[in-house]
Amino acid sequence: MQSKNYFRKGFGLKAEVQDDLKAEYESSLIHEIRANGYTLRRGGVTVRLAEAFGFCWGVDKAVSMAYETHRMFAGRQLWITNEIIHNPLVNQHLRAMGIRFLDEDESGRRVPKDFERVSEKDVVILPAFGASTQEMQILDEKNCVIVDTTCPWVSAVWNRVGKYDRAEFTSIIHGKYQHEETVATASRARRYLVVLNLEEAQQVCDYILHGGDRRAFLAHFGMAACEGFDPDRDLVRVGIANQTTMLKGETERIGKLFERTMMRRYGPANLADHFMSHDTICDATQERQDAMFKLVEEPLDLLVVIGGYNSSNTTHLQEIAVERGLPSFHIDGADRLVSAQFIEHRDLHSKSLVRTKNWLPAGEVTVGVTAGASTPDRVVAEVIARIFELKGVGESGATGAISSPVLSSAEGGPSLS
């Protein structure tokens, strides 16, 4: 987008907002653990922290730009098209700063985005996930100020999809079709199909090789395909792309599956006319997944994964622990550690909030901890401090009897996705 009202970089105010960012999101405890080889021992409790976790540079950039925007346009109405990142603490801070969310009403309830509320005098922030081309066009016509915090890795996927489009290839996007990033990516392709996992990719490849029931195919993939998608026409030339937060290994397997499929269907000599691919998993996602694979090799009693419940990359971190057979719990903050007996967490399979009993073993314990790319160090530190508290361990390492205050009383919860 070329416009005097469009800003893709910061406003040179990072130094001015740095103190606020440090106070709200950083932690001296996390600095200590990093300096101590990502391990902290107190009393009979050992915490092993993944060597890559929490805020990635794309998230850091987006949050910093939002704070700079707040300072740059003081006195003007600021909007954001949806959550800037998938972390409740960060988004709540933005609300407290007076930034309004286009997908929320006055009471904070989720509603369809209402761009009619935006005036020419307003400022609209685009989140780290980006925005669809349709939303960009609406905002451009509003002639309002647009501050684009889209992660550069997401933009790289858009460039790849654009290349496929120009070559008249259908984009096969490994992702969740309702995720904000995938919605934005798909909007940049005339023809696309979103596959959630290797199983769905296999269904598509089986259709490419053997044909099948077109109506049944569209019934299954209808919500995940472009308007007018025709599997008999649109699966002849395909290019692989992905939501940047998906499991790297699965994206690679999906790419190889489509490559083998097109080679079988059209022959090795014609592969380039029918298949294109490029690695678009972001470095930060890969680093956190690699660190998680390393962490689960440690002798752990359990693992705590911290991140927003709608965070895709956090969910995939927990999948690694589950596949390894480790007791693991996805929480969004320290208040989910209700007591030494009870923990409230998001169940990986039901995607709902559940309560588990006897989650924290008695006696000596080793706890692995990691966090998704949208989780501030401060939240990680609060969780670690709560674990020590529940084990009766003070900052000095001394142990003693403690009470277990109930921080949350819900026995369960509604579906989270």
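Using N, Cα and C of the backbone, Cβ positions are placed for all residues, glycine too.
Cross-referencing S3, S374 against the dimethylallyl diphosphate binding annotation in Swiss-Prot, which names H86, H179, S311, S312, N313, picks out S374. Measuring Cα to Cα from C56 ([4Fe-4S] cluster binding site), the recorded positions that fall within 10 Å are S374, out of H179, E181, T244, S374.
For C151 ([4Fe-4S] cluster binding site), the count of additional Cβ atoms within 10 Å of its Cβ stands at 25 [all protein chains shown]. Distance between Cα atoms for S312 ((2E)-4-hydroxy-3-methylbut-2-enyl diphosphate binding site) and C151 ([4Fe-4S] cluster binding site): 15 Å, as a whole number. Among the recorded positions C151, E181, C282, not one has a Cα within 10 Å of the Cα of S311 ((2E)-4-hydroxy-3-methylbut-2-enyl diphosphate binding site). Within the group of binding-site residues (H86, H179), the Cβ with the highest number of other Cβ atoms inside 10 Å belongs to H86. With T244 ((2E)-4-hydroxy-3-methylbut-2-enyl diphosphate binding site) as the anchor, the candidate recorded positions are C151, E181, C282, and the one with the nearest CA is C282.
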